[in-house]
Amino acid sequence: MGPLWFCCLPLALLPLLAAVEETLMDSTTATAELGWMVHPPSGWEEVSGYDENMNTIRTYQVCNVFESSQNNWLRTKYIRRRGAHRIHVEMKFSVRDCSSIPNVPGSCKETFNLYYYESDFDSATKTFPNWMENPWMKVDTIAADESFSQVDLGGRVMKINTEVRSFGPVSKNGFYLAFQDYGGCMSLIAVRVFYRKCPRVIQNGAVFQETLSGAESTSLVAARGTCISNAEEVDVPIKLYCNGDGEWLVPIGRCMCRPGYESVENGTVCRGCPSGTFKASQGDEGCVHCPINSRTTSEGATNCVCRNGYYRADADPVDMPCTTIPSAPQAVISSVNETSLMLEWTPPRDSGGREDLVYNIICKSCGSGRGACTRCGDNVQFAPRQLGLTEPRIYISDLLAHTQYTFEIQAVNGVTDQSPFSPQFASVNITTNQAAPSAVSIMHQVSRTVDSITLSWSQPDQPNGVILDYELQYYEKNLSELNSTAVKSPTNTVTVQNLKAGTIYVFQVRARTVAGYGRYSGKMYFQTMTEAEYQTSVQEKLPLIIGSSAAGLVFLIAVVVIIIVCNRRRGFERADSEYTDKLQHYTSGHSTYRGPPPGLGVRLFVMTPGMKIYIDPFTYEDPNEAVREFAKEIDISCVKIEQVIGAGEFGEVCSGHLKLPGKREIFVAIKTLKSGYTEKQRRDFLSEASIMGQFDHPNVIHLEGVVTKSSPVMIITEFMENGSLDSFLRQNDGQFTVIQLVGMLRGIAAGMKYLADMNYVHRDLAARNILVNSNLVCKVSDFGLSRFLEDDTSDPTYTSALGGKIPIRWTAPEAIQYRKFTSASDVWSYGIVMWEVMSYGERPYWDMTNQDVINAIEQDYRLPPPMDCPNALHQLMLDCWQKDRNHRPKFGQIVNTLDKMIRNPNSLKAMAPLSSGVNLPLLDRTIPDYTSFNTVDEWLDAIKMSQYKESFASAGFTTFDIVSQMTVEDILRVGVTLAGHQKKILNSIQVMRAQMNQIQSVEV
C-alpha cells in the first residue's frame, strides 16, 4: 500500500528543494563540561566519551536499574528559539538490553521521556520549574531501535540510536529540554536542537527568499515571490508554500520573460535577445532569428526593422518577412468598342513577396490629345470596380466619343501605402470611336389642345457628336407599345397632331447622330385637353387676345412718342420711374394683359408660346380658390407624421409617410400650421402651396398636396434627405469634385430658368433655401417666404428695407434700394449662391455688418473667389453681380455656360488668382493675416478649422514659427485627412510663411 500511495502523490506536493536546518544547540560542539542540571544528583552523570568517529564528546549516562521507583531528570541550559515556530530535537543514545543484565528487577526500562518548558528568559533554578510532567510539556517517549548486551560490551560494539522529535508551536523567547529516566541503563551521547526553514530558491521565474516553516508539521506558510530581472508576472500573483519540514510545495502562478528576453540557465535568468534575433511576446520561448529582409540594431529587440525598400503592413505579424511593392503589370491589351473599353493584362513579374496583390485603374481624359490630361469624371463606369481589382481585366463604359484617354493600371499590395513611392503602373493610350448619343433625361409639356400636345426636351448629357434629329415615339397609355407611332423632328421641340381628346399618351424620345440612334428616354405621360377644358381655355383667352391687341396698339403709339421725345431731349438723362413701381410686373417678349377675367380679382397673365404662366395667388379675391385650383387636397388618413425635424415661420416641419389609394407609400416632408392662427396667417401659409402647385420641374421642390379640411393644416412636399444646401456643404467640406459642385449649380440654375420662364421671381434665393436629396439633386424651395416676413422678425439674415425685410447679403442693389425685384435680381442672388457652393457654405461677406455690405456693393466691391474656385466660375459670379441689371446673364445663358463647363472639364482647371484681373475690386478676406492673432487657436478659428485645435496642441504645433514650417506629412500626422481641409490649412500656412518673410525683409 505504501509504494502505491507514493506513486499517486500529486506532483504539485513533491518538495522542490531540501530544507535548511538552523542549529540552536549542539552538545557535540562543547569543549568543556555541559553543566546541565540533574535531579536527583544520584541520577544522570556527565562523563566524557567518544562518538562513532572516536571524537571526544561530553555525554550523560544513567544506570540505576537495581533500584526501584527511579525518576531521574536531566535539564539543558536555556535555549533561545530565534524566531522559530517549531523545534526539532535530534538525540543520539544507547540503551542496555534489560534481559542482558543478571538479576535485574522487573522495573528495568529501555525507554526515556522527552520534555520541554517555554520561558521568555533564563528563569530555571534547582527547584524551578518543578521536576514533574506539569509544568513540563511531554514531547514523546523515546524507545531504542537497538539495544546492546554484555556481549557487545565485550566486543566493543557500539549500537547508537538516533531519534528526531519535534514540538510546537513555541511562542516565547526560549525554552528548556528535559530528559526523564525512570529505571533504565542508557547513555545520552549527543543532543542537537534545530529548526527548519525553506531555502532561497528561484522557481517559475521568481525569487523566493528563505522562509521559516510553520508551527505544525502540516502547516503551509505562503511566500510571495519576486520576478527575476526582465520578467513579469502572468496569471495570478506568484506564490510558494513552505511546509513544516522546511520544504517548498504547491507553486502558484509564474513569471515569464518580457518581450525581447529569453529564459536561460534553467529559467533563472532572462537574457536579452542577441543581435539578429527577436522575441515579440512574453513567455518562456526563446528568441528567434529575424525574418527575411529585416534586422535588429540592438539587443533585447521585440521586433525586427525592415531593411530599406522593404515594409511590413499594419496587419502583418512581426514574424512575417518584410515585403516590397510589386512591379508594374505586363502585356496590357486594350479592345475599344465605340465608347467602351476592355483592358486585360498579365500579373507583375515581381509581386513584392506578397499574396494580396490587387489593381487600381486610373482614368485620365486627354480631350483631343493637346494639353494636360485630367481625371475622368464620375460618369465613367468601371466593371466590376475601379479600385481593388483581384482579376487582371476590367470593362470600362460611358466614355466620351472621339476622345483620347490614358489608363494607368497600378499594381498595389498590402505595403504600397507604406512606401513613399507611387505604385508601379502600366499605361495605355486609347481613342474612343464615334458612338450613339446618351438618353434624353427629361421631357416637358409646352402646351396642349384637345387633339395635340407640344413637347420639348433637353439635349442628351452625352451627345457624342452632332445631333442630326430626334425620334419621338408615342402611343395611348391603355394600348400596347406595338401600337406606337414615330415622329421625327430636327429640333428638340415637336407638336404631335391628330390625338384623341382627354386621352393619356405615353411619350419617349431618342436622339440620332451619324453613329445611329441612342437609347429611348424614360416613359413620360401627357394628356390632351377634354372638350370642356378647351372651351374654358378659349373663354379665358378671349380677354387676353383683346388685351394683347390693345396693348400692341398702345405700344406702337408709345414707341412713336418716345422717338419724338428722345429726339427733342437728346443729351438729357431720363428719370427712371421704375423705382416707384411697387408691384411685381411680369414682362416678356410678348404682350401682357392685366384685365381681370369675369368673376375673378386682378391676375397677371404673361403669354409665352407653349409655356405655363405663373399666376399670383394673391390676385384672387378668394385665396382659397387658388389653393383649390393649384394644390391637391389630401385626406388626413393618408398622412402619417413620424418626427419633428425643424420649425418654420408658421409651425413645425415634420417627416412622415404619404400613402395615397392605389399608389405606393412615399417619404414626405410635412409643414404644419401652428394652432391659434389668424385667417391671414392661414392664407399666407397656404399661399406657398398655391405657388408650388403651379411648378413641375426636377429642380424645383414638388408639392404632393395640402390638408385643409382637418386640423392641423398641412403642406406636404417631397422629402429631401440631405436638407438645406448650406448646412449640407458645411458638413461635407472639401468632399466633392469641382464637376460635382458645378453639377449642383447647374441644377439650381435649371430650376431658376424654369421659374423665370414662368415669370416667377423668387426674391429669397440662397443656399439655405435650396434642398438636396440623396442623389445630390438640388431643388429650389421656400416660395414666397420673404414676401410675408413681418417687421418684427428676429432673423438677422433679413433686414428692414423699404416696407419689409430683405436678405441684404443675397439681394441685388436695386432691390435693396428701390424694392425692385425681377428675374435679374434673382440672377444676382444666384451669383451669391454660386459663391456659397464653391466655399462650402461659408457666410457671404463673412462677419461684415449689413450696412458695410451695402456700402461695399455701392463702391463696386465684389466677393473674391473662394479657395480652389476655377476662374471661369468666379467670372460667371461677377457677371451675375453686374450693377446694371440689364447686363446680367439670363438663367438660360447660365445653364448653357455651365453645360459647356461640364462638357469641357479643362475649362475648370484654371484657378482664380487672389487678385483677379477683373475691373471690379474684390473684397479680400480669403486668408487672414496671422499677425492679427495671438495664438494658433485663434488662427484656426479664423480659417474655420477649429476642430483641429487639440490635435495641433498635442502634436506640439503651438507657435506660428513652428506652424509655418508644417509639411503635408505634418498635417496628416495631426489627423487632418479631408483633402479640402488639407488644402485650406496648407494655403493659409503658405500665406503665413510669405507674410513672415515680408516682415523679416522689412526689419532688415
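Every residue gets a Cβ built from N, Cα and C, even glycine.
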Problem - Cysteine of C8, C63, C306, C322 paired with C185 via disulfide, per Swiss-Prot - result: C63
Exercise for the section: Sorry to bug you, but what's the C-alpha spacing from C185 (disulfide bond) to C108 (disulfide bond), rounded to the closest Å? Expected result: 8
Handout entry: Shortest C-alpha distance to C63 (disulfide bond) - which of the recorded positions N337, N429, I645, D764
Key = I645
Fill in the blank from the handout: DSSP composition of the domain 'Fibronectin type-III 1' (325-435), residue counts helix/strand/coil, works out to 3 helix, 50 strand, 58 coil
Completion exercise
Same chain, |i - j| six or more, Cβ under 8 Å of A647 (ATP binding site); the result in sequence order is V653
Exercise for the section: Would you mind splitting the domain 'Fibronectin type-III 2' (436-531) into helix, strand and coil residue counts from DSSP? Expected result: 4 helix, 44 strand, 48 coil
Handout entry: Coarse DSSP state, helix versus strand versus coil, of C98 (disulfide bond)
Key = helix
Exercise for the section: List the residues of the same chain that sit at least 6 positions away from N478 (N-linked glycosylation site) in sequence and have their Cβ under 8 Å from its Cβ, in sequence order, or write 'none'. Expected result: I504
Exercise for the section: Name, in the order they occur in the sequence, the residues of the same chain whose CB lies under 8 A from the CB of G651 (ATP binding site) and which sit 6 or more residues away. Expected result: K671, T672, L673, K674, F685, P712
Practice task
Have a look at the recorded positions C98, N266, N337 and say which one has the shortest Cα distance to C185 (disulfide bond).
Solution key: C98
Fill in the blank from the handout: Among the recorded positions listed as C98, N337, N429, I645, D764, the Cα nearest the Cα of N266 (N-linked glycosylation site) belongs to C98
